[in-house]
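Record features (TrEMBL):
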TRANSMEM  B:34-57  transmembrane segment
TRANSMEM  B:69-90  transmembrane segment
TRANSMEM  B:110-139  transmembrane segment
TRANSMEM  B:151-173  transmembrane segment
TRANSMEM  B:193-216  transmembrane segment
TRANSMEM  B:237-267  transmembrane segment
TRANSMEM  B:279-297  transmembrane segment
TRANSMEM  B:309-327  transmembrane segment
Amino acid sequence: MELIKIDRLSFGYGKQQVIQELNATFIRGELSIILGRNGSGKSTLFQILSGVQNAYQGHVAINGIERKSIKRQRASDVRIGFMSQFHQTTFPFSVFDVVMTGRASFTRFAPRAEDRQRVEDVLTQFNLWSYKDRPYTQLSGGERQLVLLCRVLVQDPDIILLDEPTNHLDLHYQVKVLENLKRLAADGITIVCIMHDPNLALLYGERLFLMQHKQLRSLSGLPIGEIHHMLEEAYQVRLEAIQHGDKNLIVPHISASHDKEIITISPVDHAQIDEVVTFVREARRHLFPSLDHSIVPRDLATFVETFIKDENGAFLQARDQIGKLIGTIGMLTYDCRFDQFDLPQHRVTEVVKLFVDPTWRRQGLASRLVQSLHNVAASRKIDTLYLHTHPFLPGAQLFWHKQGFEEIITCVHGDFETIHMAYNLQDS
Amino acid sequence: MQVWKISLLVIVPIVVLFLSLGLGSTGFVNIPDLLYYSYAACASALGIETVVADHNLETILWQVRLPRILLTFMVGAALAVAGGVLQAVFRNPIVDPFSLGISSGAAFGAALSMLISLIPLNLSAFVFGVIAVVITYLVSYTGAKGSLVTMVLAGMIISGVFTAFLTVLQYLSDPYKLQSIVQWTMGNLHTASWAKVRTAVIPITLGIAIILALRWKLDLLALGEQEAIAVGVDPKIIKLVMIGAATMITASSVAAVGMISLFGLIVPHISRMLVGPSNASGVLANILIGGTFLLLIDDFSRTLLPFEIPVGVFTMMLGTPLFIYLMRKNAINWNA
């Protein structure tokens, strides 16, 4: 039976939309796990489910009742326990006192004997009863997380929302917590859990979701190949699926050093132009979503004239072992269109179209492309390589610094703040 | 909490309350005499004739010393409880009624009503105390995670503003009123009277009673707003009630005896060291320790030197080294 039903949920902080038209269903007595990148909106979804955020559009029905109309304090219809990701406390309360605050909604004034009993039961269940007088602030991160979990459990919730319950725990406690969650789910509690480890999720989760593109996509029932592909796309790393008993596991693909030898960097020939132009336009669309992409940029439209026939022009491509296009870089004659600065040498080329396939990022491919272009430029007796980049591209400026480029000037063109950089080949 | 600690916390205040009666500038009264005078007072209240050796001493005991002792105890308890509550609610071990601006606001309000006697002093002190703490809270409020430091800084600034206003009032007032305002801002317990006790007793006992009744919720508030929501409690109302009660008892204390700085900051820390961080027992300890401690300070201030040292000066002089000691010893446990 579905306990939580989310229908066309949208939410944003100011202008920034975090959740858009999200639909999902969580089943009573199941352990559901949500995967997704940091900042993909998982925690926001939890804030909405737990009632911290109420300014959402769409419908969130819990046990058939709209979330907004569930009042706290007299939550007799449905009890929602929530464990947030970060918690720090100022005062060194004892473990017992911290867990006891979980019973606060049961009593108006002093806690009663049954409240104490419940705290004792839950602490004993997690082997924490001997910790009851220890100051909470002196516990390790993992122990604290367990104490907070106990605090959520003492209120006998119908639904438990856990934001990364295992992120500070060692393997022992990770397994212990997940086994306990599974048992609680079997007892009829609905548990929704945000996690980062896809394997723990695959091993323990009864239902899997992936938060991506402001929506929640169900992974349950999909073939492992599909899940593999979706996770690869979501986390932007290369993964490998491994058979483990009757379960499947997904681990990062280790890029051993021989991978580099398999990558080939070569000039683009006539037959490859269409494929390269498509790759570049796609990459550009992702990097600069605000630009008009219906127009083909002039240098791409005149690819042969600009990059192949021109004595200053060059266009390099990188391909992996199966010949898949994974990176590009080009240079063309600088047309001196910016008048904010002067470049004295007479042979100046502009570096353009450095793009790397997302799954190949952070492996030094971009540096290798730039290095290859340097070699081409040096062999053509080019004096200066010029390029411009933008501060909103994370790490771009630092990257070009490492390649030996230095800033000339930073100015604003249109909507973009632009950093102009140059590299003098004659000095080196 | 151990039994001996509880009994000590109850017995010491009673002993100190009783012995304080014997101290004063008109002379010391030894314990047998004190017992006899107390018996005589009880007896005459019941209508039994008793012979008292010294009628002047009798007047001093019941009309001067007793109201002063009771008022001092009440104010000490009020400031300590308010400090403890505010530290829990704002999750900040370095706030007190003074650092959040309540005291300065209340002082300004009280001085204003001394100058223009349109509104009653108590009410005026309360209203401006509330205004000050609300401004402090609004200034430092930055969404879900209010920083501990911003709040103290905001409190300092708001405190400064009200102190400046108070200075303007002092500058505008005539010498006679000026002297009463200045004396009063230094913390003056020597003006205590039964009338003052009667005005202060209702708001202070009411406020403390509210806090006592809700004290089990303070630990929850001290964990933070989200953590309260996480276990199905809406913290807003309890928070408001708590801040309101703390403001009321602080403002009443300030209206009765003037500003006594640092006291509301230090006593909760002493209580925490003695009975642990839990606020359920902390509130009780604050009442007993706060009352006794201020009474002791007052006893010193009226017997140590031939003239009386204003109690505000004394708490500052005693409190600073004590606080520095606690801080250096790391006895004050904060992870701010």
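Just so it is clear, glycine is given a Cβ too, placed from its N, Cα and C backbone atoms.
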By Cβ distance under 8 Å, which residues at least 6 away from the ends of the transmembrane segment (B:110-139) in the same chain are close to it?
100-104, 151, 154-155, 157-159, 162, 166, 169-170, 172-173, 177, 180-181, 184-185, 199-200, 203, 243-244, 247-248, 250-252, 254-255, 258
Go through B:69-90, B:193-216, B:309-327 and flag the stretch with the largest number of C-beta pairs under 8 Å relative to the transmembrane segment (B:237-267).
B:69-90
Contact set, same chain, for the transmembrane segment (B:69-90): CB under 8 Å, 6 or more residues outside the stretch:
13, 17, 20-21, 96-97, 100, 102, 146, 148, 151, 189, 192, 196-197, 200-201, 204-205, 207-208, 211, 218-219, 221-222, 239, 242-243, 245-247, 249-250, 252-253, 256-257, 260, 263-265, 267-268, 271, 279, 282-283, 286-295, 298, 311
Could you pull out which residues elsewhere in the chain have a CB under 8 Å from any CB of the transmembrane segment (B:34-57), counting only those six or more residues past its ends?
18-19, 21-22, 26-27
Could you pull out which residues elsewhere in the chain have a CB under 8 Å from any CB of the transmembrane segment (B:279-297), counting only those six or more residues past its ends?
1, 9-10, 12-13, 16-17, 20, 69, 72-81, 83-85, 88, 208, 211-212, 215-216, 218-219, 222, 260, 263, 267-268, 270-272, 311, 314-315, 318
Sort out the residues at least 6 away from either end of the transmembrane segment (B:193-216), same chain, that have Cβ-Cβ distances under 8 Å to it, and list them.
63, 67, 70-71, 74-75, 77-78, 81, 85, 122, 126, 238, 241-242, 245-246, 248-249, 251-253, 255-257, 279-280, 282-284, 287
What residues elsewhere in the chain lie close to the transmembrane segment (B:151-173), defined as a C-beta under 8 angstroms and at least 6 residues from its ends?
90, 92, 94-95, 98-101, 103-105, 107-108, 111-112, 114-115, 128, 132, 135-137, 139-140, 181-182, 185
